[in-house]
Structures are given as structure tokens and as C-alpha cells.
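Features of the protein shown, as given by Swiss-Prot:
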type	residues	note
ACT_SITE	His45	active site, proton acceptor
ACT_SITE	Glu72	active site, proton acceptor
ACT_SITE	His193	active site, proton donor
BINDING	Asn9, Arg20, Gly194, Gly215, His216	3-amino-2-oxopropyl phosphate binding site
BINDING	Asp11, His12, Arg47, His52, Thr102	1-deoxy-D-xylulose 5-phosphate binding site
SITE	Glu153	site 'Transition state stabilizer'
Amino acid sequence: MAELLLGVNIDHIATLRNARGTAYPDPVQAAFIAEQAGADGITVHLREDRRHITDRDVRILRQTLDTRMNLEMAVTEEMLAIAVETKPHFCCLVPEKRQEVTTEGGLDVAGQREKMRDACKRLTDAGIQISLFIDADEEQIKAAAEVGAPFIEIHTGCYADAKTDAEQAQELVRIAKAATFAASLGLKVNAGHGLTYHNVKAIAAIPEMHELNIGHAIIGRAVMTGLKDAVAEMKRLMLEARG
């Protein structure tokens, strides 16, 4: 059974910061806290529209992280150039649409083999490990192995969004079979998208899983578990000012 790691995605710390155009909350500080709590790596998605994580965040995180930086990005010339210059430990190549709220599905590696092969070679030559974010589909897994990616990240969105227990169980079987197939080809298997405190255990139990990348659920839980202390501290400061 593979060692299981947690990559914490801090994109939505940046979402909250950017909503008001302030300097806080700082994703860099959030990354430090996540590492102290046991995160094995920090994941950030530098989108083309910079809707949350910024170039500044990527640069400082690369310089300050104690663990590993996983940079999610689209396969564009701009992003490849940034990755080669920044040299994160990992790059996870993802599909990207400007109008989407979050990544909606996996890469079509099979339909763009040359483009993906070129991107993988360029990143590998820069000393960066690569994963490809794909659906739990054998054709895509085979293509990922063929273009030179040592890792895949299985898109767990359909599992997370399942409306019934039966549908979720079916998706779980599909993911487990995909993980076994990928491992048989020599690929290391990560997974992510939509994983929460309620649905993570079944995915974590899949023996081939190497790392789970989880963000929104953790940030959402942090708001709730930290809200009591945050309100109490503000009230304390106000009363202290009045003597």
C-alpha cells in the first residue's frame, strides 16, 4: 500500500483576500499554518485570469515552503514559462475555461498527445515532476503514460457530486479500477476535486493512492472551527480599548 500524503490547496484563502482587494488573508501565511498542521505539500492553481492565486503568491511560496509546492496550471505558453522559471516541485496540468467556477473535468490527453508530450518534456527538462489531471478512464491513463507523465491525478468530482449512494458507489469502483490500472503501467496515482470530510475515507482507502489534494472543504471547515476564537479576540480588543 502506497504512503498517503495530503496536499492542501490554499486557493480560497486568496479568493477571500481578492474579494476585498486587501493584503489579507495571506495565502503564504495559510501555507505555513497548513504545513505546521501536517500538510505534506501545498497546492495552488495559477489561473490565466489570476482570479485567486497571483504570480506574487507563487514566487513567495516557492521560496518559503518547507514541504513541496504543487502548481496547478493550464497547458499554455505563459504558464509553462512561469513554471520553468519558478521551478515548483510538481506541476499538475489541468484543463481550464475562463467561465468555469472550478475545474470541471479532466484533461483530454488522448486527444492532444503531441501538445502534452511537449509540455511534459519541457517541464521534466526543468527538473519538475509532472502529474496530469484526468478522468478515471483507461484511454486517458494510457495516454498519460505514453506522453511521459510519472503521475496522474484522478478527477474525483463525479464521485463527490453523486446524488445517490448507489451512484457514488459506482464512481468509487470506477476510480479504484483506474488507480489499479494506472499503477500497473508504473504511474503514481493522486486524486482530488470535491473531496470533503464526509467522502474522503473511501478514496483514501484505495491502496494505490499516493496523495490527495484537498482545498475547499478544509478552508470551509477552518472558517467554522476558527470563527469562535476570531470573534472572541475581536471583542477582547474592543473591551481592552475601553479599559
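Every residue, even glycine, has its Cβ placed from backbone N, Cα and C.
Structure with Swiss-Prot features highlighted.
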residue : record                                      : contacts (Cβ under 8 Å, 6+ apart)
Asn9    : 3-amino-2-oxopropyl phosphate binding site  : Ile42, Thr43, Val44, His45, Gly192, Asn213, Ile214, Gly215, His216, Ile218
His12   : 1-deoxy-D-xylulose 5-phosphate binding site : His52, Gly215, His216, Ile219, Gly220
Arg20   : 3-amino-2-oxopropyl phosphate binding site  : none
Arg47   : 1-deoxy-D-xylulose 5-phosphate binding site : Ile53, Ala74, Glu96
Glu72   : active site, proton acceptor                : Thr43, Val44, His45, Leu46, Cys91, Cys92, Leu93, Val94, Phe133
Glu153  : site 'Transition state stabilizer'          : Cys92, Ser131, Leu132, Phe133, Ile134, Asn190, Ala191, Gly192, Asn213
Gly194  : 3-amino-2-oxopropyl phosphate binding site  : Thr156, Gly157, Tyr159, Ala160, Asp161, His216
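Long-range Cβ proximity for Asp11 (1-deoxy-D-xylulose 5-phosphate binding site), meaning a same-chain Cβ under 8 A and a gap of 6 or more residues, is found for Pro27, Thr43, Val44, His45, His52, Ile53, Gly215. Between the listed recorded positions, namely His193, His216, the fewest other CB atoms within 10 angstroms of a CB are found at His216.
His52 (1-deoxy-D-xylulose 5-phosphate binding site): 21 other CB atoms within 10 A of its CB, across all protein chains. Taking every pair among Asn9, Arg20, Gly194, Gly215, His216, the residues listed as contacting 3-amino-2-oxopropyl phosphate, the largest Cα to Cα separation comes to 26 Å.
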